[in-house]
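Undergrad: If you scroll down you'll find the structure; I have some questions about it.
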Amino acid sequence: MKAGIVGLPNVGKSTLFNCLSNAKAQSANFPFCTIEPNIGVVNVPDTRLEKLEELVNPEKVIPATVEIVDIAGLVKGASKGEGLGNQFLGNIRETDAILHVLRCFDNDNIVHVDGSVDPIRDKETIDMELQLKDLETVEKKLDKVKRAAKTGNKEAQKEEAVLLAIKTGLEAGTSVRAVELSKEDRAEYVNPLQFITDKPVMYVCNVDEGAAVSGNDYVDKVKAAVANENAEVVVLAVGTEADITELETYDERQMFLEDLGLSEPGSAKLIRGAYKLLNLETYFTAGEKEVRAWTIPVGATAPQAAGVIHTDFEKGFIRAEVIAYEDYVSLGSEIKVKEAGKMRVEGKEYIVKDGDVMHFRFNV
Ligand code: GDP
């Protein structure tokens, strides 16, 4: 599961990527500075993990991670192969969620590809390229379905109606995620086509230092423009946060953040947001050797969760011993949880809850 960073050139994508992954992707003041898609693996900040560490005092602590891809080079005309467009659209197709960076800062020294700062226009430029690509997808599919529908095939007629709704929406500038359709129709006809504009999206407003907390007029406009998309809008001073990551000590970084009025880096919020956007959640294992956060899709069963540790755990799954995170923390240790009768034994059907602390019993 990975989230892709998209946006026009010079909006701060690679600065954000650097800041998130501490990987040194190029960042320069001209378009196409990052030509290969860059992939980074980022720890997911989670205070629960710190709390468990305090209680268990293990040798090692391993956080959950999320994969972030910096997808540069999306420009006007990309869907027609302009710039390095088509290749990048292919890269976006392989992601599971989109972080759409919008330039919400003024700076005459940093060139804007379209000559002025206007996040709404920028968003529409990117959306249009993605929508044009999806339009190709839906038209191809419609050609096939239409023939079957003409022969009177009821199923095909239903599918045709759904696809036509999508086509009409895309032509009017509506992304697939915002087209009104039933859950069933989506599952049956829409999801298999893997539309780019159907991927969950989060908008990242890149602002200057002073606007990290309060936002600015650009941010207000973005929020108003995406109100109907049910998407999260995160405000982040990307350049400033990149500077903060350069500081040596934790205390220095914390002081800098407090000066900005932040209790934690905005990037932490962004990463957690990306994790949620990918529909992921966390369960923990907690032992003296290791306290660890494991990543599962929301709705995973106990055996599936065990399978994330090792496929043999899933195959040979017998049962899981589960402690709710709140019980673990309020009682303070596994032994006390057991004494209080709060450790549950769960079987194959158990749907794991975010924060569960688990042990697995399995046959080898
Ligand atoms: P990309 O083309 O979207 O990957 O953009 P870059 O990350 O390479 O950023 C383009 C330029 O804008 C670089 O010179 C960055 O240092 C600068 N930049 C990025 N974020 C900010 C910001 O929040 N404020 C200001 N003033 N400059 C920024």
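Here the Cβ of each residue, glycine as well, is placed from N, Cα and C on the backbone.
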Undergrad: Do you know which of 128-155, 240-267 TrEMBL annotates as coiled coil?
TA: 128-155
Undergrad: Please work out the number of neighbouring Cβ atoms within 10 Å of the Cβ of G12 (ATP binding site), leaving out its own Cβ.
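TA: Neighbour count, Cβ to Cβ under the 10 Å cut-off: 26.
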Undergrad: Average pLDDT across the domain 'TGS' (279-362)?
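TA: Result for the domain 'TGS' (279-362): average pLDDT 96.
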Undergrad: Return the residues near V11 (ATP binding site) by Cβ distance under 8 Å, restricted to its own chain and a separation of at least 6 in sequence.
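TA: When sequence neighbours closer than 6 are ignored, V11 (ATP binding site) has V101, L102, R103, D122, N206 within Cβ distance under 8 Å.
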Undergrad: Which one of these binding-site residues has the most other Cβ atoms within 10 Å of its own Cβ: N10, S14, T15?
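TA: Result of the Cβ crowding comparison: S14.
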Undergrad: Count the other Cβ atoms sitting within 10 Å of the Cβ of K13 (ATP binding site), across every protein chain shown.
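TA: Other Cβ atoms within 10 Å of K13 (ATP binding site): 31.
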